[in-house]
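This report refers to the structure that appears directly beneath it.
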Amino acid sequence: MESALSARDRVGVQDFLLLENHNSEAAFIENLRRRYREGLIYTYIGSVLVSVNPYKELEIYSKQNMERHRGVNFYEISPHIFALADNSYRALRTERRDQCILISGESGAGKTEASKKILQYYTHICPTRNNTHTIRERLLQSNPVLEAFGNAKTLRNDNSSRFGKYMDIQFDYKGAPIGGHILNYLLEKSRVAHQNHGERNFHIFYQLLEGGEDLLLKRLGLDKTNPQHYHYLIKGNCPRVSSISDKNGWKVVRNALTIIGFEDEEIQALMEIVASVLHLGNTQFGEDEEGETHITTEAQLQFLSQLLGVDGSVLKAALTHKKIVAKGEEMISPLSLEQALSARDSFAKAIYGRAFTWLVQKLNRSLAFKDEIYYSSKCSSVIGLLDIYGFEVFQHNSFEQFCINYCNEKLQQLFIELTLKSEQEEYEAEGWERVEYFNNKIICDLVEEKHKGIIAILDEECLRRGDASDITFLEKLEDTLGGHAHFITHKMANGKIRKAIGREEFRLVHYAGEVNYNVNGFLDKNNDLLYRHLKEVLCQSTNHIVSQCFHADELMDQRRPETAATQFKLSLAKLMDILMSKEPSYVRCIKPNDGKQPGRFDEVLVRHQVKYLGLMENLRVRRAGFAYRRSYEAFLERYKSLCPDTWPNWHGNLPEGVATLVKHLNYKPEEFKLGRSKIFIRFPRTLFITEDALEAQKQTIAVTLQKSWRGYRERANYHRIRHAVIVIQSWWRGVKGRRKAKHRRQAADTIRNFIKGFILRNEPRCPDNEYFLDHVRFSFLMKVKRNLPKSVLDKSWPKPPPSLTEASEHIHRICIRNLVNDYCRRIQPEWRKQLEQKVVASGIFKGQKDGYSRSVPKLFVATRLEAEEINLKVLQTLGSDNKVKYGIAVTKYDRHGFRPRVRQLLLTTSSAVLVQEAKIKQRIDYGALLGISVSSLSDGFFVLHIPTADSKQKGDLVLQCDHVIEAVTKLAIMADKIHNVNISQDSIRFAIARGKEGVIDFTSGSDLRVVKSKNGHLSVTTPRIS
C-alpha cells in the first residue's frame, strides 16, 4: 500500500478503492495513467487485478520476484499478477477449494501473456515430486504449440488468440502439479481461407515455410519461398511482421512437440495436414464449354492426395461434384464454379478445424494424471485459467464477432454473479443500504433465449426449407425482436441512428457498447456443412490424424448436426457451470493504445475499455458502502501498534479490540462502521491518515526493538562466551592431564621394551625383542639412506648389524643396479653405440688376445677412411642401396706367394668389399662369410673364411691392419658373426683354391717380422703386450 503522500501523488494509489473521488471516471483513468507512466502496470480494485499492457519487457517477472510473492499476503506488497496467482494457490492449499482465474479484455490487451506468467509462476513455486518435472515442462510447452495453431496476427494484436482456452491445472495434496486439461472454444476457422487486409493466417503456416527443414518441405511439396505464393496466405497482404520471427517460432514449436510427447510419425502427419491446406488454397478450378467445373491444377491435386492419403481420382470427383442422399438413394450432381470454390474452402476449414481439435485432445492425453481418473481424486484440487477472446468491435463485424461478444456477455454475467452480486449480498449481510448496478442478463437472454433468442431464430432459418437467406434471417429478427431495447436495425432506427446502420446489419447494445453486425454469411457459417462426398473421401484417409478426425460413423448418422452457434452456446453453458463451481479471481486487461507502442496512453481508448469491462461499476459497488473493509483479525494485527492498550498483544475478543483501537485513533462515527465480522471504513483519507501514523509508529517501534534486541543480543553473547570459556578451560585441563599421563605411560613402556630387547638382541625374533630389532633396522635403513653411494665407483657402504647382513647385501646390489641403470639412461646415443661395440669386443677378445686391454680406453671410430679417400667410381659401382658403413686401409697377402698388396676394406650394409684404387677386387656377402680368424698375439692379421664351393671366390682372404680389434668387431657386428670369430694360439689355416690349404704361424719375439718360411708357411713374429 502506498503510504507516503508524495509517492501517492506521483504514482497514484495501488487500489482504486482508495480513490477520493471514486465516482469520477476521469480520476480513475488518471490514476491508471500515473501508474502506467511510472512502469506500474498493475492496480487492484479490491481483489480484482487491473493490468495495462506495457508493450515491452519488464524486469518484474524474474525468479527473485517469484520468490518475493511466495506465501505473502495479497495486500502486503505492490499489486502483481504473481500476488493474485499466489493468493489463489494458497486458498487452494489451505481451504481445499478449487480456484479459477478469469482473464478478460479486448484483443491485444495482454491476456495470453498474463496466462503464461501465471503458469510460469506455478511451475516455479510449486513443490516437486518424482514425475512433476515432466508435467511442468509439458504445461509450459503446451502454450507455444497452441499459439502456433490457434493464434494469428490481427490489426490489433500480433499474437491474437483466435480460439478460447480454458486450462485446468491439477495439484496433489502437497500442492505439486500432477496434471492438466484443456478445453477449447470456437476456433476461427474462417481465417484459414480468408483474412482481412493487414492480418495473417495462423502462425503455423508461416513458421513451417520459413523454418521447416529442406527435406521436410520437399516431402510436403512446399517451397521455402515468399508466403505470397500461397493463395490462403495472400488475402491479408501481410506475409512478414517485424515483431515476429517465424524461423525461431518453428524451432520452439518443433521442440515443444517433442517435449510434450508427440511421435515423429504424428508430427509428420500433422505437418502433412498443414501443407494440404496450403495446397488446397492453390487448387484452382475452371469451366469448360459445356459449363462443367474441372480442376486446372493437377500438380496440386497430386500433392493433396499424397498428403491426405486418399485416392486422387476420388478426391478430384469430390471437389467438383456433390452427393445427395434422398430416401435411401444417392445422387451425384456437378458443382458450379462458385460452389466448387466454396466447397474447397469448407474442405480446408474442416480439415484444419478437426486437426486442431485432435491436437488439443493429444495435449490432454499428454497432460493427464495417469494414476487417477481426472477430477475424481479427493486428494487433488485444480486451478483453472480462462484465456478467451476479448470484446471485439471491427469496421466489419460478422458471425465470429457475434459469437465472441456473446461469450464476453456471458463472462460479464458471471462476473456480476460472483463479484458485484456477492458484494451487494455482503452489504445486506452487514445491514447496509442496497446499491443498484446494471445486470446484463437481459442482453444474454436476447441472444440465447429459447424460441425467441437470436441463436434460436438463426437455427430456425437455417433449418427452414425454401429460399432462406441472410436477408430473410434479418427480417425474421425484425419481426421477432422489433421492440427490444437492445436490438436495432436500419428499418427500425430513427433518422439519426439509421445513417450508422447498413441495410444488411443489425445493432446490439452490449454492456460494453453498441456493435453493428453484417448478416452476410451468417447462415453459411452457422451451418458449417461439409459435402457428404468430401466426408466420404476423408473417412478413407490413410493419414494417421485425418483417419481419427473423420469417422465412418458420421456417414451413418442421418440426424442433422448441431449448428455452430448452438454448439458454442452449449459449450459456454458448460464452461459457466465449471467456473461457478470454483472460487474466482479476476484479471482485467487493458490495451493502452492501438499502435502497440510502449509508453503511449490513449485516454479515449482506455475510457472505452474501462466502460465495457464494468470497472467503474465494480468500483462504485465496492465503494457504495465503504472503501475499505477488513476482518477484525487482519485490521487489529496491522494497526495494533498505534494503541498502547492493544500493543503488543490484545487478549480480549476481537470486536472489543478493534473498538478500543479506533477510539484511540479518534475515528468519527460517520467514518467507520463495525459489522459482524469486519470493520468498514468509508473514506480513503481516514485510511491514509491511519497508514501515515503507522509509518511514523514503525520508526518508534523499530528504535525500541533495536534497543531491546541489541541489549538482549549483547547479554546473550556475553553469557554464551563466558559459558564457552569455562567449558573450554575445563575441557583443556582434562585433555592436558590425560595427555601427560598417557605420555608417561608410553615412555615407561618404551624404555622397558628397549632394555629387554637389548638383552635379547642376539636371540631369534620374539615379542620381547621385536621393538629393539625394529629400532635397529630402522636406524640402519636411515643411515643407509643418508650415506647412499653417489656413483658406481663409490664402493663405500655402512656396516650392517649382524641381523641385517643379508638384507644389506640385497640392498647394496639393488643400489648399484639402480646407479648403473641411471647411468645408462643418461648415455647419449653415440656413446650407447660405442659401448655396445666395446661390449662385443670384450666378449670376443678379453683374455684371448694380446693388446686388448690397451684398446679398451681407445674409442672406436665410425670409419678410418674419409669420403674423399674412397674412389668415386667404387661408390657408383656399389650404388645408393649399398652404403659404406666403415672403411679401413689393409694389407692383403697373396694366397700363394704371400706378397703384400695395399688395399681398402669397405664394410657396406650387405657385404665386405676389397678395393684397389678404383677397382673392386673382391666382394664377400655377409651371408657367405663362414667366420673370422685372428691370432692371440698382438699382430694385426685376420682371415676371412669363405666357402670353397663358391666359384666366384678364390679362397680365404688374409688381411692385416693396424686396428684389428676395431675392424674385426665392426665386421662381426655387421655380418652378425659375433659367435663365428675364432682366436688361434699358434697358427691359422686358411683355404686356397682347388682344395689346398695355407698356414700362418704366429710366434712371439722382440720385433714384428712377416716372412715366408722354408716350409711354405707365412711366419709372423710379434712382441708380447700385456
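The backbone N, Cα and C atoms fix where each Cβ goes, and this holds for glycine too.
The range from 296-318, 388-410, 572-594, 710-732 that Swiss-Prot describes as region 'Actin-binding' is residues 572-594. Lys111 (ATP binding site) sits 26 Å from Lys349 (N6-methyllysine), counting Cα to Cα. Within its own chain, the domain 'IQ 1' (698-727) is flanked in space by residues 641, which lie at least six positions past its ends and keep a Cβ under 8 Å from the stretch.
Counting in whole angstrom, Lys349 (N6-methyllysine) lies 19 from Ser160 (ATP binding site) by their C-alpha atoms. For Gly105 (ATP binding site), the number of other Cβ atoms no farther than 10 Å from its own Cβ, over all displayed protein chains, is 25. Mapped onto three states, the DSSP output places Ser160 (ATP binding site) in strand.
For the domain 'IQ 2' (721-750), the number of residues in each DSSP class (helix H, G, I; strand E, B; coil) is 30 helix, 0 strand, 0 coil.
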